[in-house]
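Here the structure is laid out as structure tokens; the discussion comes afterwards.
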Amino acid sequence: MSVDDLPPSSASAVTPLGSSVIPIVNKLQDIFAQLGSQSTIALPQVAVVGSQSSGKSSVLEALVGRDFLPRGNDICTRRPLRLQLVQTKPSSDGGSDEEWGEFLHHDPVRRIYDFSEIRREIEAETNRVSGENKGVSDIPIGLKIFSPNVLDISLVDLPGITKVPVGDQPSDIEARIRTMILTYIKEPSCLILAVSPANTDLANSDALQIAGNADPDGHRTIGVITKLDIMDRGTDARNHLLGKTIPLRLGYVGVVNRSQEDILMNRSIKDALVAEEKFFRSRPVYSGLTDRLGVPQLAKKLNQVLVQHIKALLPSLKSRINNALFATAKEYESYGDITESRGGQGALLLSFITKYCEAYSSTLEGKSKEMSTSELSGGARILYIFQSVFVKSLEEVDPCEDLTADDIRTAIQNATGPRSALFVPDVPFEVLVRRQISRLLDPSLQCARFIFDELVKISHQCMMKELQRFPVLQKRMDEVIGNFLREGLEPSQAMIRDLIEMEMDYINTSHPNFIGGTKAVEQAMQTVKSSRIPHPVARPRDTVEPERTASSGSQIKTRSFLGRQANGIITDQAVPTAADAERPAPAGSTSWSGFSSIFRGSDGQAAAKNNLLNKPFSETTQEVYQNLSTIYLKEPPTILKSSETHSEQESVEIEITKLLLKSYYDIVRKNVEDLVPKAIMHFLVNYTKRELHNVFIEKLYRENLIEELLKEPDELAIKRKRTQETLRILQQANRTLDELPLEAESVERGYKIGSEAKHEELPGTRRSRTETNGNGRLHM
């Protein structure tokens, strides 16, 4: 005999599909209920949604077969009710079967056989949290109903959607209830039982509207049409039940509720089910829809759909529980065990120090287990700073970029003093090269600072997660290594300064890589020749008339009263020497005629000459000085600079100095590029790596500090206890899933979640007879 051949009141007694699957999920719900709002794993369940007074409560009571829910004209369900229906075995002696309820908030859990008491407990628990004046809360109530007359189903009865606030309800009560409902039904693991009354337009159903928001394709929504017996005359719900109005993948089921008069008359649900069957048989319009009509068919459909829904979700459910178990176990491990003995605390502190130092050393050496593959880290960053930042920056510097030709010529002239130099002096070269060497100090010190900053970053990265439970120890370790790194930075910077000063103190021109003077002169001459520097053009006052200078010779030129350049220094006027004044001019010389022309003019030139030749020398000289006025010198300017033009010899000297500077600077630069990283590695990096463990032992591993360092904050103890409880619950849930038999392969494979499922494969919609093949597999 098939299920369809049974009377409606007996349909619930049929052995349900997945009789071991739903109890497992119910057990998981009980397990995760211990976590309360902390539970992040959504279990398969059926959420009942509908507007206020849509008949939700009547449907649930019909599924249970007993009156147990609060009743009234106003909103009755003010907290979510997690309802687990558990089928028990019928009594073997033919006596009355026991039915009872258990509330999960009771500790210890006790059986309640009086369903009126169950109703009162629901009301009391609702008032305890939501208040007595129609307040609403999202904290669920857990209730189990044990009966041989039910199928294994897990439901969540949600508050009805209301429009107008009453009592203490806020003005936005509708929005709050809708938000609460969506938090449940938005989960893909939740089936939606959308309850809509038949005496209202289905297109305006609040239940279908909110279900459509969470399940727009209708893949996990079951429609329930209530109050079919009070529809207007001449109307029926056949098109609704066939899904022609609003299609749903899981279809619709129509039911007849008890009226308010039936409830007041204490009409039993058993009698109501008989009346419901009689109603459908008396309505020819509903013929051929027996698998879509009545509470027994609804119970069977819910059972079948829920079982297959659970089967489809089991793999992902196991995966989520395992992932949560792994993450929670790792978190609990990070909190560590409670160590109260002094010896145990000392060993724990020593283990922290050792682990930290090993992590620090491994990170520097590139042996860390947590090495990044997306970016450079640890010692690789230090090498990058040495090669790609420090060395590259020094190689890009031109030692002569801030030295002009005038700077070099001025240095050469200053080095010669009052004498003219026959060769390029070495003093200006040393002065200039020292100045360029000193420029290497700042980038070298900056390189050491960069490495220090990298070591500080590494020290922070090596802080183990276990240290979070000891904030005092973590802070002290951070302080110790910070001070220790600074202590290593100081000698490394001092060594860098010494290296630069050593290079400045001794200019080794005998270095085998130094260009040398001979080669420098050759290159300088070639450079000057190729540049074709024109000869300097003398200013007008520096020029002597050709006819007066033709026979004077070089001696007359160098002793001319006219303006000249002495040792490259510009002077403003010519000054005669005593020798010039006393020495007679050679025959044919024009010096004196030039000298007299400056002071006496050209008209008296011949007379003055004859007069001088006819007088004795002493008389002539005395007369000359008597006739000449006193000559006053201009004071030299405060700052003297080289002339704007320079000779070919000066160009060669400048070019030689530049070549010598570049050659020796390259030697020093290479020395600095090699020695500065070595100094930093020796005094800072390797020193801290070698001595860090000893420093921690010296600074922290003290008997009078251990207890203070290993003191846990109060909130950490709370976290450890909560995590331990979560771990226990997840382990229990994992063991519960392991108890699940291989029934997943024994149910119909037609039910799928997603767009691949087809309407014609729905269980309980076309074929309801259960057949078993030779392999023991079930087919619907």
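Cβ coordinates are placed from backbone N, Cα and C, and glycine is handled just like the others.
Annotated by Swiss-Prot as region 'Disordered', the relevant range among 133-152, 273-292, 393-412, 573-592 is 573-592. DSSP places the residues of the domain 'GED' (654-745) in helix, strand and coil in these numbers: 83 helix, 0 strand, 9 coil. Sequence-distant contacts of L228 (GTP binding site), defined as residues of its own chain at least six apart whose C-beta falls under 8 angstroms from its C-beta, comprise A198, A237, G254, V255, V256, F279. Taking each Cβ in turn and tallying the other Cβ atoms within 10 Å, the top scorer among the binding-site residues L158, I161 is L158. Candidate binding-site residues: S53, K56. Fewest other C-beta atoms within 10 angstroms, S53.
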